[in-house]
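Please read the structure below before turning to the comments.
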Amino acid sequence: MTVKVTVTGAAGQIGYALLFRIASGQLLGADTPVSLSLLEITPALKAAEGTAMELDDCAFPLLQGIEITDDPNVAFDGVNVALLVGARPRTAGMERGDLLSANGGIFGPQGRAINEHAADDVRVLVVGNPANTNALIARSHAPDVPADRFTAMTRLDHNRALSQLSAKLQVPVTEIRKMTIWGNHSPTMYPDLYHTEVGGKIAAEQVDGEWLRDTFIPTVAKRGAAIIEARGASSAASAANAAIDHVHTWVNGTAPGDWTSAAVVSDGSYGVPEGLISSFPVTSANGQWEIVQGLDIDAFSRERIDLSVRELLDERDAVQALGLI
Ligand code: NDP
């Protein structure tokens, strides 16, 4: 059966890096035909048409159709996988309330359209920032969709952490298991090496504490800014790659003895208030995320998790005060 994948902000940088990989089968596998729906704001429809022309020109065997629209009710009609990439970026001098309001105007109606028109098995990944809170807004407008179908992306932070650790310990990334990103997809997120295993041993015990605290954590947290500084543009291909990884793992499951990171609706685990969309160590089986339970959290990790969760609470309170959820 053809799977309908909707990408919002389809004419943007991440959209450009994402669509070709979806159409080539890297999101759902080489046996799954896909149809793409490209949602854009009206002024960007022409650019989306250009991307669609290039998609046509690839003659992808799995690609069954492309729809381009500025109407969320059309874009999300029958959608199975929704990748919410388009968002209002923070511009210089913009107040946080204005940023959240602008995104409420995007993610509220998209949540409603998903509620009314999506397929029963819809899975939603929010990439557009502030991703966790945008996911919260969309979810709150989709009361008929199970809450656990709304997720936000911390897989890029996860992959960045894998790559930094792999370089430090001079091991292939495939030897690293159980990496965890906690909290908000923002510079407060916490990459935790106290449960990560390298060659079967805890990673935090294989690196010195100073490197972990003063190099590893800030490098992962500030990687986005470092890429802007170097490239003169935001990361796009790596963000698209992480979105592919997130959905691929969600649908196909995590490997035995391993887990990944995703921002999912909290059930109160690890003291994260219920209902917040926060990053956790998660496994996936049968198309469902499960938060890994029973990990010991030491004081160092607790402080950092609490800080990031505090930021999520503040964002939630702000969107609540603005009437966006
Ligand atoms: P990008 O494609 O580069 O980024 C899109 C969103 O992804 C931004 O919110 C960005 O956040 C976020 N993001 C999350 N993780 C990352 C990461 N690691 N690196 C970079 N970005 C990340 O933006 P463009 O401006 O190129 O494209 C956005 C498109 O969205 C435009 O074409 C615009 O027209 C469209 N849009 C569509 C809407 C809709 O469909 N209704 C609504 C709003 C916009 P950050 O800003 O923090 O980098």
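Note: Cβ is positioned from N, Cα and C throughout, glycine not excepted.
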Message = Please identify which of N129, N241, N252 is recorded by TrEMBL as part of the substrate site containing R90, R96, R160.
response = N129
Query = So what sits near G15 (NAD(+) binding site) in its own chain, CB-to-CB under 8 Å and at least six residues off in sequence?
reply = V7, G9, L38, T51, V85, G86
Inquiry  = Using the alpha carbons only, what distance in Å do you get between N129 (substrate binding site) and H185 (active site, proton acceptor) once rounded?
reply    = 8
Request  = Just the recorded positions from R96, Q110, H185 whose C-beta lies under 6 Å from any atom of ligand 1, please, or none if there are none.
outcome  = none
Remark   = Cβ-Cβ distance under 8 Å, sequence separation of 6 or more, same chain as A11 (NAD(+) binding site); the residues meeting this, in order, are L38, E40, A44, L45, A47, A48, G50, T51
Key: Greatest C-beta neighbour count within 10 angstroms, which of the recorded positions R90, R96, R160, H185   = H185
